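Asker: Quick one: the structure is below, questions incoming.
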Amino acid sequence: MAHRGPSRASKGPGPTARAPSPGAPPPPRSPRSRPLLLLLLLLGACGAAGRSPEPGRLGPHAQLTRVPRSPPAGRAEPGGGEDRQARGTEPGAPGPSPGPAPGPGEDGAPAAGYRRWERAAPLAGVASRAQVSLISTSFVLKGDATHNQAMVHWTGENSSVILILTKYYHADMGKVLESSLWRSSDFGTSYTKLTLQPGVTTVIDNFYICPTNKRKVILVSSSLSDRDQSLFLSADEGATFQKQPIPFFVETLIFHPKEEDKVLAYTKESKLYVSSDLGKKWTLLQERVTKDHVFWSVSGVDADPDLVHVEAQDLGGDFRYVTCAIHNCSEKMLTAPFAGPIDHGSLTVQDDYIFFKATSANQTKYYVSYRRNEFVLMKLPKYALPKDLQIISTDESQVFVAVQEWYQMDTYNLYQSDPRGVRYALVLQDVRSSRQAEESVLIDILEVRGVKGVFLANQKIDGKVMTLITYNKGRDWDYLRPPSMDMNGKPTNCKPPDCHLHLHLRWADNPYVSGTVHTKDTAPGLIMGAGNLGSQLVEYKEEMYITSDCGHTWRQVFEEEHHILYLDHGGVIVAIKDTSIPLKILKFSVDEGLTWSTHNFTSTSVFVDGLLSEPGDETLVMTVFGHISFRSDWELVKVDFRPSFSRQCGEEDYSSWELSNLQGDRCIMGQQRSFRKRKSTSWCIKGRSFTSALTSRVCECRDSDFLCDYGFERSSSSESSTNKCSANFWFNPLSPPDDCALGQTYTSSLGYRKVVSNVCEGGVDMQQSQVQLQCPLTPPRGLQVSIQGEAVAVRPGEDVLFVVRQEQGDVLTTKYQVDLGDGFKAMYVNLTLTGEPIRHRYESPGIYRVSVRAENTAGHDEAVLFVQVNSPLQALYLEVVPVIGLNQEVNLTAVLLPLNPNLTVFYWWIGHSLQPLLSLDNSVTTRFSDTGDVRVTVQAACGNSVLQDSRVLRVLDQFQVMPLQFSKELDAYNPNTPEWREDVGLVVTRLLSKETSVPQELLVTVVKPGLPTLADLYVLLPPPRPTRKRSLSSDKRLAAIQQVLNAQKISFLLRGGVRVLVALRDTGTGAEQLGGGGGYWAVVVLFVIGLFAAGAFILYKFKRKRPGRTVYAQMHNEKEQEMTSPVSHSEDVQGAVQGNHSGVVLSINSREMHSYLVS
């Protein structure tokens, strides 16, 4: 949650006091390949061209960013450091610029007949262009040609001092490499380059101006090596500076809004420091602070002026809202106004309100506190289901919010609150939005400054964007009326309802369109912006329109977008074309845009980067910032309109105009308001003391002064009365509010409430029939029990904090029966009122049922939570036979330590499948229908503990298995761990390969779990040759292996000199041969030693009819839990198996798992 509000008068510290808030305006875009990007961040309510400052943000300086631009051909570099004064010549005199003069009104040269003006004697009651006499003074900042950024501060408030910081910012390195600080004490006529440390190169990163005493300035300086940082402090508008080393690196400074010497420093290490003597001494306040979410106390709301509101991260990683006084901000003195964690970057303190959001169990809730009372949920319509919420404005004891509801993508709905900021009603749907850099959101709505209650908004429906205006804070909206004639006096042929005027408000889809509407507090009713006529807003049309009666009538003034600046309360409007070519003239109007004149402000065309006037727009002096080429120095041109006006305005110089909406109704927001404006025939200065408001008269209340209350919506236009508010289907107006406590009273809503800040009296009162009712005793509803931190799995012996919440119902008379599932039972009162958690500790693993029953005489509710208490998993081993027969059933077994029956979930990935098999058992059975290598992966998850193991299996259609046994001495040394079994299998395989010359890759020895220690030897067949029907090499390999085993040639040593002998296990058969699934099974008979050759031939000839001692087995696909051989001749034949066999079934009941088992 962040502020994304429209422009309005500032109330808090300026941007030099703190970094731009989330609601700060976005950086302006360069119009159409314009190589210089103007970023205006003015320190006072200064009149710089560009976007208006945000609420709570003053504009102390202008930052200009220079990017490469092709220099115009034939331009000479200007001289630097000297003044160049130029007065306009007489009409008709030759202009200073070479080349043919363009036509009237064209930029780049003055229009014919207007190249210079001299002041003539004032004519009584008559204004004439002959009276205009402007003085332009140019100054070049010599030596700063390489600097690509500039920050400008005009102190204002009867001061003639201007400070300019130019710097070379290296984007790749992310820091400033060079800088220069210039100071003017004559309104910008001349500048002096300041030397902060004689003989030492000083790099200034930024400067900050105190909003309450703009004579006080702080410069932030750093070394190129980034090893140290210093501040330079001034209390005389930069005439002198005092160096102050600091032990941290400043990210931004935040001045106190009322006390000039108090300042906060947010560092690059996310630490917060405070100084009470303008930066001379610093004290650490807090660490792990969220940037841009630090706020000073609000005057008139916070009791302690030294209070600081902070969003900070605690040691557990959660973000908290905390407050403390700057003189004592230790951990013991921190106050947490909200007990739980909040979402990162959501804290906003603004005027009477504090906002944040908190997400738990995948549900986000938005909270508000009015005038520092307890936090309550913001009540939006029940099924708004907001995806995002942005604060638009908070002035006049009311909150405007933009809510992106569940179905919206690039639009928001606008809601208006009651004075407490709790209950919200819809005022406008589908306001256009845009997501900018760093995930910031801009809502296309603008508050018109100078006249309260007036807003402009761009609504997007079915892809079409149209501009709307309201005069009563969103109660009613209308389209802008188009002008009947264009700037050339031709008919526009634009008639409602098919055609209206549409304006770019705050941004545009085209990044080269500024999309700015210009309004000022000092010029009420004067609105100027870029847009077009038509059925919808066109992003690339930027015609300039102006109104002087607050949007009632509009006029077109230019065909292209211009930079706009208001001087002398709007008495002079200055415009410079927003273009990528160099300019030398400006346009100005002294009659609210009815007529325009041009002035040649420099003899050499310059690329204009921006305009700036003294804060408050109350003077007639302005500065144009620019440069002749990218490689040239910065050039500042001071334009002084004061010689054109000889006197101050008197009462006879003003006329009045009355505010009205588009229907002609003059009772707006419950009053008739009239304003003063200078007559077009008067040639005088309004001056600093001018006030525009003239008179106001309270009106009688009408139904239009009321809007729909929370839970109600206005009827559609098809119904008889469009002003009727009807209850939504989910809202029962007769039900007491959720926070209605026994003994209190509440007002049943009739569906209407008066528009906040509407001052009408008498007349219609649509709330007069409201009835005060006693809050009844209500049963508890929405009871919830959870573990603090949202975990439901804990470890034995760990402290668990149970939190009980109740959304509705009485809490004072309700009793709470708590059963924690392990024998602990208790009865509580005021459990949900205090919010104190219940601390408990489970000693034994298991699943515990936690229940809370809330009951009073009106009813009851119950909440249940199942808590898993388990030890973390230590080891996981996937036990599986490495060789599998085609289409044979095989067991995959996960050996887990420690065993957690009924608490562990196993995830099995077989082959390339992304979808796992889930089981609560530690083993599964499967089959493989294709030969090749198959990877099997298992994950065991128990609570927050997850382990994984993986194995590669070979799926073959032919292989032999020979059962093995070991001498009994081995059992005493068998720890029954997977690693030990693998090592024994490897040594047996290696010895057999060495003694028989059978390739080691064709032998696999698998030692079975448990005692006695047994093993199976897998003899793999090489790939068959295409021309070979049957090979006897397999028989020879088996005979060789049997021979070395019978000869007791395979043995290995254990510790202590114990030798272990490996032999064939007596199963009644020597070996089994497994064939492919589609052919017949053939097994070679072991030749009996000593038989005659003829006997051997006869036995081989009739081997299909005489079973002998060889087992002829076929592949069986039936499932066998223990996977023993399907063909057995005795009880001992269980060891002679086919592709799936008993060696896969793990048995660990005879020996405990060793502690060094790892996954």
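Just so it is clear, glycine is given a Cβ too, placed from its N, Cα and C backbone atoms.
What Swiss-Prot shows for this protein is this:
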- Cys324-Cys329: disulfide bond (DISULFID)
- Cys494-Cys499: disulfide bond (DISULFID)
- Cys649-Cys684: disulfide bond (DISULFID)
- Cys667-Cys699: disulfide bond (DISULFID)
- Cys701-Cys760: disulfide bond (DISULFID)
- Cys708-Cys725: disulfide bond (DISULFID)
- Cys740-Cys775: disulfide bond (DISULFID)
- 786-876: domain 'PKD' (DOMAIN)
- Asn158: N-linked glycosylation site (CARBOHYD)
- Asn328: N-linked glycosylation site (CARBOHYD)
- Asn362: N-linked glycosylation site (CARBOHYD)
- Asn600: N-linked glycosylation site (CARBOHYD)
- Asn830: N-linked glycosylation site (CARBOHYD)
- Asn891: N-linked glycosylation site (CARBOHYD)
- Asn902: N-linked glycosylation site (CARBOHYD)
- 1-36: region 'Disordered' (REGION)
- 48-111: region 'Disordered' (REGION)
- 273-284: repeat 'BNR 3' (REPEAT)
- 1-50: signal peptide (SIGNAL)
- 51-1078: topological domain 'Extracellular' (TOPO_DOM)
- 1100-1159: topological domain 'Cytoplasmic' (TOPO_DOM)
- 1079-1099: transmembrane segment (TRANSMEM)
Asker: Going by C-alpha positions, which of the recorded positions (Cys324, Asn362, Cys684, Cys775, Asn830) is nearest Cys701 (disulfide bond)?
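Answerer: If we rank Cys324, Asn362, Cys684, Cys775, Asn830 by Cα distance to Cys701 (disulfide bond), first place goes to Cys775.
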Asker: Please identify, among the disulfide-bonded residues Cys329, Cys494, Cys740, the one with the smallest Cα-Cα distance to Asn600 (N-linked glycosylation site).
Answerer: Cys494
Asker: Should anything in the same chain at least six residues away from the repeat 'BNR 3' (273-284) have a Cβ under 8 Å from its Cβ atoms, list it; otherwise answer none.
Answerer: 210, 216, 218, 231, 233, 235, 244, 246-248, 260-265, 267, 308, 326, 329
Asker: Spatially, and counting Cα to Cα, which of the recorded positions is closest to Asn362 (N-linked glycosylation site)? Options: Asn158, Cys708, Asn830.
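Answerer: Spatially nearest to Asn362 (N-linked glycosylation site) by Cα position is Asn830.
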Asker: Any idea what the model's mean pLDDT is for the domain 'PKD' (786-876)?
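Answerer: Averaged over the domain 'PKD' (786-876), per-residue pLDDT gives 89.
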Asker: Pop the Cα-Cα gap between Cys740 (disulfide bond) and Asn830 (N-linked glycosylation site) into the table, whole Å please.
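Answerer: If we compare the Cα positions of Asn830 (N-linked glycosylation site) and Cys740 (disulfide bond), the gap is 16 Å.
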Asker: Going by DSSP, give the three-state secondary structure for Asn362 (N-linked glycosylation site).
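Answerer: Reduced to three states, the DSSP call for Asn362 (N-linked glycosylation site) is coil.
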Asker: Count the other Cβ atoms sitting within 10 Å of the Cβ of Asn328 (N-linked glycosylation site), across every protein chain shown.
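Answerer: So the Cβ neighbour count for Asn328 (N-linked glycosylation site) comes to 12.
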Asker: Could you list the residues of the same chain, at least six apart in sequence, whose Cβ is under 8 A from the Cβ of Cys775 (disulfide bond)?
Answerer: Pro736, Cys740, Ala741, Leu742, Gly743, Gln744, Thr745, Tyr746
Asker: Within the domain 'PKD' (786-876), how many residues are helix, strand or coil going by DSSP?
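Answerer: Secondary-structure breakdown of the domain 'PKD' (786-876): 4 helix, 52 strand, 35 coil.
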Asker: Looking only at DSSP and grouping its letters into three states, which state does Asn328 (N-linked glycosylation site) belong to?
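Answerer: It is in a strand.
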Asker: Spatially, which candidate from the disulfide-bonded residues Cys329, Cys499, Cys699, Cys708 is nearest to Asn891 (N-linked glycosylation site), comparing Cα atoms?
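Answerer: Nearest candidate: Cys329.
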Asker: For Cys329 (disulfide bond) and Cys699 (disulfide bond), what Cα-Cα distance in Å is obtained after rounding to a whole number?
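Answerer: About 51 Å separates the two Cα atoms.
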Asker: If you measure from the Cα of Cys684 (disulfide bond), which of the recorded positions Asn158, Cys324, Asn328 is the nearest?
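Answerer: Closest by Cα distance to Cys684 (disulfide bond) among the recorded positions Asn158, Cys324, Asn328: Asn158.
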Asker: Which of the three DSSP-derived classes (helix, strand, coil) applies to Cys708 (disulfide bond)?
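Answerer: Going by the DSSP assignment, Cys708 (disulfide bond) falls within a strand, counted as strand.
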Asker: In sequence order, which same-chain residues at least six apart have a C-beta under 8 angstroms from Cys499 (disulfide bond)?
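Answerer: Residues satisfying the criterion: Pro482, Asn493, Leu533, Gly534, Ser535.
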Asker: If you count Cβ atoms within 10 Å of the Cβ of Asn830 (N-linked glycosylation site), leaving out that atom itself, what do you get?
Answerer: 14
Asker: Of the recorded positions Asn158, Asn328, Cys649, Cys725, which one has its Cα closest to the Cα of Cys667 (disulfide bond)?
Answerer: Cys725
Asker: Roughly how many Å separate the Cα of Asn328 (N-linked glycosylation site) from that of Asn158 (N-linked glycosylation site), to the nearest whole number?
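Answerer: Their Cα atoms are separated by 38 Å.
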